[in-house]
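Structure record follows, encoded as structure tokens.
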Amino acid sequence: MKIGILTSGGDCPGLNAVIRGAVLKGIKIHGQEFVGFRDGWRGVVEGDIMDLPRQSVRGISKQGGTILGTSRTNPFEGNGGPDVIKAHLERLGIDAIIAIGGEGTLAAAKRLTDAGLKIVGVPKTVDNDLDATDYTFGFDTAVQIATEAIDRLRTTGESHHRCMIAEVMGRHVGWIALHAGMASGAHAILIPEQPISIEQITDWVGEAHERGRAPLVVVAEGFVTADMEAPHSERGMDTFGRPRLGGIADQLVPAIEERTGIETRATILGHIQRGGVPSAFDRVLATRLGMAAIDSVVEGMWGTMVSLTGTEIDHVPFDKALGNLKTVPQHRYDEAAILFG
Ligand code: F6P
């Protein structure tokens, strides 16, 4: 059996460990053959592949990024679609696809499976916002990177008696902000799920300052205050039609300085959070998911993705994972907020 692997959407530490886990198990246990599609669905739509023999995955689980390349190509746009893809797969002798990606990738995989293609999915996002899996690989690494950065902001903030704001990733959900904020002892954590007022934010900042601390605010990029005008509205759309995020931290600076008189600085961590070596946790999770994807292929579980339930690997239909984002529940925010101010 010949299997094609693709990585699609934003990259994420751990992608290479998934590829290695799948290729090694597939070759060693089932005698399967592997190819990689270059740059996500683009490689599928254009039939652009590279061989993935055993030696091609040697030592790659600790490498960041993806050896296959990635893109945000939608396989239904342009010259794509199920018929074109089926013709390529037939010509290249590829029997099944393992698609590693987030919500968009899995939604496309579902549509293609409905059209008769043999696809299994592996969930991926640093944001940890995919439903039907307890954790996504990449998240642990992103939290670790953000925590280290915030720890550094704290010492310079303390030296200058400043308020420091760290903006982390999280377009729709605040998992990275919540975890990195708790780990670094932030005085306020601001996430998209909780439209906190600027008054409440400045109260937390003021309280920390009065106790002689350098106030530390961790904000997710998708956060919108309850009472400021839509802060992202002037930033326009990116090339994928998404609101251009990033910069809420800069917008909070004058709001905090004017209300509290505390000198304030903002740092946007951005793509640093998605780069570099994956944590040990992410390498192990990604490797296990890659190996489990081979089981899905062998069992012919098309239209399903592998997932993590507790500490065990599971297989769930795409439907279960799509549609609802896994947001930060109220009780998790309330728990963290006990420590604010
Ligand atoms: O979905 C992961 C994510 O990192 C988001 O948190 C962020 O908003 C987005 O990707 C950034 O995408 P891009 O790399 O295309 O700028």
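Every residue, even glycine, has its Cβ placed from backbone N, Cα and C.
Quick look at what TrEMBL annotates:
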type: DOMAIN; residues: 2-296; note: domain 'Phosphofructokinase'
type: BINDING; residues: Gly10, Arg72, Thr73, Gly102, Glu103, Gly104, Thr105; note: ATP binding site
type: BINDING; residues: Glu103; note: Mg(2+) binding site
type: SITE; residues: Gly104; note: site 'Important for substrate specificity'
type: BINDING; residues: Thr125, Val126, Asp127, Arg162, Met169, Gly170, Arg171, Glu221, Arg265, His271, Ile272, Gln273, Arg274; note: substrate binding site
type: ACT_SITE; residues: Asp127; note: active site, proton acceptor
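Projection of TrEMBL feature records onto the structure.
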residue : record                 : DSSP (3 states)
Gly10   : ATP binding site       : coil
Gly102  : ATP binding site       : coil
Thr125  : substrate binding site : coil
Met169  : substrate binding site : coil
Arg274  : substrate binding site : helix
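Each of the binding-site residues Arg72, Arg171, Arg265, Arg274 was ranked by the number of other C-beta atoms within 10 Å, and first place falls to Arg274.
Taking the domain 'Phosphofructokinase' (2-296) as a whole, pLDDT averages 95 in the prediction. Residues from the binding-site residues list (Thr73, Glu103, Gly104, Thr105, Arg265) with a C-beta closer than 6 Å to any atom of ligand 1: none. For Thr105 (ATP binding site), other Cβ atoms within 10 Å of its Cβ number 27.
Neighbours of Thr125 (substrate binding site), defined as other CB atoms within 10 A of its CB across all chains, total 27. Long-range Cβ contacts of Asp127 (substrate binding site) within its own chain (separation 6+, distance under 8 Å): Gly102, Thr136, Phe139, Met169, Gly170, Arg171, His172, Val173, Trp175, Ile176. Counting other C-beta atoms within 10 Å of each candidate's C-beta, the binding-site residues Gly10, Gly102, Gly104 are led by Gly102. Distances between the Cα of Arg265 (substrate binding site) and those of the binding-site residues Gly10, Arg72, Thr73, Gly104, Thr105 are shortest for Gly10. Shown in sequence order, Ser8, Asp39, Gly40, Trp41, Arg42, Val45, Gly80 are the residues of the chain, 6+ apart in sequence, with a C-beta less than 8 angstroms from the C-beta of Thr73 (ATP binding site). Note on Glu103 (ATP binding site): other Cβ atoms within 10 Å of its Cβ, all shown chains, come to 21.
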